[in-house]
Amino acid sequence: MMITKQSYQKFALMRVFVFSLSAFIFNTTEFVPVALLSDIAKSFEMESATVGLMITAYAWVVSLGSLPLMLLSAKIERKRLLLFLFALFILSHILSALAWNFWVLLLSRMGIAFAHSIFWSITASLVIRVAPRNKKQQALGLLALGSSLAMILGLPLGRIIGQILDWRSTFGVIGGVATLIALLMWKLLPHLPSRNAGTLASVPVLMKRPLLMGIYLLVIMVISGHFTTYSYIEPFIIQISQFSPDITTLMLFVFGLAGVVGSFLFGRLYAKNSRKFIAFAMVLVICPQLLLFVFKNLEWVVFLQIFLWGIGITSLGISLQMRVLQLAPDATDVASAIYSGSYNVGIGSGALFGSIVIHQLGLGYIGFVGGALGLLALFWLRFITIKFKKT
């Protein structure tokens, strides 16, 4: 009996691990253009701010596609659906690696965005389903850890590959790693019938939950602020701070490493007081942005800001997703799809705002604008916390 229990725990953990790897590769490809922005712009003889709109397009495809695509796939068995998504993901990366102009690259990114929109709509609820008993919150933490490792290893390695070879090779390697993960998924995941996915009828039901709607708006606001700055952090560090490319790569590594700390803090502190934890995470996201230009030439201070910022954004993302799942246990996939859509509205809006700031004010101002948007989000958090204190 003991061996059976141990075997169950082992396979359950391996399945959670596969989802963590999947989160790693999806987050790596979503944000790796941030690390390659200058190289892509140079190869197509374009400005970084213009190429940065590729991040906006990707995010808006995800935001518009998350809910309708999730509803269209609501009855499909989840393992089969995941393998289809990885096939689309891999083929799109092959096209990215072969892209002969910016528009072909943009088209390939749209294919990845379609896969992304469904993947993040169903993954949080699935990882909780396959997790060992009494380890549901930790499983969600491991999923977030995979996302954080994308920042620690994925982005810096993507940048290093891009520097040694070229940015096309980075996308090719991502496609290769995704193939290995898909094979693991095929081997390890059990049959996963769709469960509690929700339907189109769930949408108006969820919209009648004011705290849930307030959290979606909070996500859009704070993530818009974050990506106003983060989308252009690589050219900021190189052009404004005037640090070397190697230091820039190291700072991206530190940002991702901080995400591991954020995942750990979530696992330890979120359940004790979720409201205070979310507020604390938001402060860690906002303050480094507001002070980024002020201390732009002090290398150790910028490292510290990047580290605290990384802790904050990882803690915040996983905390808000957990809160959404808690408020919509009857329609987890629909709620997650709307969350993913809201998050990506924030990403797309932030990248667009950052581009506008660069063209109208200059690259040095992105932190001030991003931080100001974050402050508005903090005031909104305070409002919904007071209004729905008992929820």
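Even glycines carry a Cβ here, placed using N, Cα and C.
The feature transmembrane segment is assigned by Swiss-Prot to 16-36, 51-71, 82-102, 110-130, 138-158, 170-190, 210-230, 247-267, 277-297, 300-320, 338-358, 361-381, with sequence analysis given as support.
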Per Cβ pairs under 8 Å, the stretch of 82-102, 170-190, 210-230, 247-267 packing most closely against the transmembrane segment (361-381): 210-230
Positions on the same chain near the transmembrane segment (110-130), where near means CB under 8 A and six or more residues out: 12, 15-16, 19, 22-23, 26, 29-30, 57-59, 61-62, 65-67, 69-70, 73, 78, 81-82, 85-86, 88-89, 91-93, 95-96, 136, 139-140, 142-143, 189-190, 192, 195-197, 321, 325, 332-333, 336-337, 340-341, 344
When counting Cβ pairs under 8 Å to the transmembrane segment (16-36), the leader among 51-71, 138-158, 210-230: 138-158
Winner by Cβ pairs under 8 Å against the transmembrane segment (51-71), considering only 82-102, 170-190, 247-267, 300-320, 338-358: 338-358
Long-range neighbours of the transmembrane segment (338-358), counting only residues six or more past its ends (CB under 8 A): 49-50, 52-53, 55-60, 62-67, 117, 120-121, 203, 206, 216-217, 219-232, 317, 320-321, 324, 365-366, 369-370, 373
Interface check, the transmembrane segment (300-320) with the transmembrane segment (170-190), three or more C-beta pairs under 8 A: no
Stretch contact, the transmembrane segment (170-190) with the transmembrane segment (210-230), Cβ-Cβ under 8 Å, 3+ pairs: no
